[in-house]
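Notes follow once the structure below has been shown.
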Amino acid sequence: MIIKPRIRGFICTTTHPVGCEQNVKEQIALTKAQGPIANAPKRVLVVGSSSGYGLSSRITAAFGGGASTIGVFFEKAGTEKKPGTAGWYNSAAFDKFAKEEGLYSKSLNGDAFSNEAKQKTIDLIKEDLGQIDMVVYSLASPVRKMPETGEVIRSSLKPIGETYTATAVDTNKDAIIEASVEPATEQEIKDTVTVMGGEDWELWINALSEAGVLADGCKTVAYSYIGTELTWPIYWDGALGQAKMDLDRAATALNEKLSATGGTANVAVLKSVVTQASSAIPVMPLYIAMVFKKMREEGVHEGCQEQILRMFSQRLYKADGSAAEVDEKNRLRLDDWELREDIQQHCRDLWPQVTTENLKDLTDYVEYKEEFLKLFGFGVDGVDYDADVNPEVNFDVADI
């Protein structure tokens, strides 16, 4: 079939398998160009490995460190009539390129919150790798089905206390609007922590540990975003921030557990990037369009891949073997360049000046839209979008 982008809200409902494969290819090339990562882990599990930072982690581990990788994700395969999800095609492309390099790659597709996912992963590690040296936890799911009860819990992207009103961009109409978001109820806050907090990360590490599949010195990392006062009302000070604070709580508990065998657990605070997750958060697209332009001008812009490469090579697995620098909460900070005072001041000054008319001149909004479409495999250089493509792409993946 010939596949064109179809946008609904902040989701593109179609995906392009060849475009997704080309994206992965580019990320691999970027990783290889950096040269091998010294002291890199050799057996890596990535929970949430099909897009964004999770995919970048798997690519970095495999193509920067030569690691055997297991990826866990929840994606849909394409059919004769309908394309699959971008994450399916990303994972298929990763698997193809890893195997071409002679790297071990296996994937599990299903609900990572489930007990079955954890058990199947443990069985696979025991069978193929024995143990693992690194666990990356990178789930970005809006819902969680509780394994014991089957109850489905939903998260909320809402402020706490009062209605939040701010200048935002309507990405469908390319227009500046006033966005208002009602505050979360106590139950919504609690539910957001249940879905997006640290509990499931703990359940994963505890299950892996009890099964004896964590090697001595195993490191685990989960991803977070803090941002600045421009996004705090909806993010860090909102329901989502409560969940991210719960990740910090989990990291402390897990670090204590793993330190007994020479391991570590850290939250890595990353910069804002264009992902399906961030596009759903009010004000984030406008903020990203602003901050990207300034960071590009300053020569410090990074995408997912550059961020994770820096986390591996300059934080967790440094060439000299020294411990990673952390902040007062034991977090790895990769948002340091974004949070530079000159960059943030620029955004603060610019925010009130942006109008629908000057949006494309004052910010990198055009690039934001391009990056967004690229997530789904569209607008990628070197891809013929008028060519007939097969939406059915198979690879080495087992259903959970």
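Including glycine, each Cβ sits where the backbone N, Cα and C put it.
As written in Swiss-Prot, here are the features:
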- 48-53, 74-75, 111-112, 139-140, Lys244, 273-275: NAD(+) binding site (BINDING)
- Glu75: site 'Plays an important role in discriminating NADH against NADPH' (SITE)
- Tyr225: substrate binding site (BINDING)
- Tyr235: active site, proton donor (ACT_SITE)
(message) Counting only residues 6+ away in sequence within the same chain, which have a CB under 8 Å from the CB of Ser50 (NAD(+) binding site)?
(response) Gly71, Phe73, Glu75, Thr85, Ala86, Gly87, Trp88, Asn90, Ser91
(message) Quick check: of the binding-site residues listed here (Asp111, Leu139, Lys244), which one has the Cα closest to that of Tyr225 (substrate binding site)?
(response) Lys244
(request) Using all protein chains in view, find how many other C-beta atoms are within 10 Å of the C-beta of Gly52 (NAD(+) binding site). (result) 24
(request) To the nearest whole angstrom, state the Cα distance for the pair Gly52 (NAD(+) binding site) and Tyr235 (active site, proton donor). (result) 19
(request) Could you state the whole-number distance in Å separating the C-alpha atoms of Val274 (NAD(+) binding site) and Tyr235 (active site, proton donor)? (result) 16
(request) Write down the Cα-Cα distance for Tyr235 (active site, proton donor) and Leu139 (NAD(+) binding site), rounded and given in Å. (result) 17
(request) Determine, using Cα-Cα distances only, which of these binding-site residues is closest to Tyr235 (active site, proton donor): Gly48, Phe74, Asp111, Lys244. (result) Lys244
(message) List every residue in the same chain as Gly48 (NAD(+) binding site), at least 6 positions away in sequence, whose Cβ is under 8 Å from its Cβ.
(response) Gly54, Val72, Phe73, Ala112, Val136, Tyr137, Ser138, Leu139, Ala140
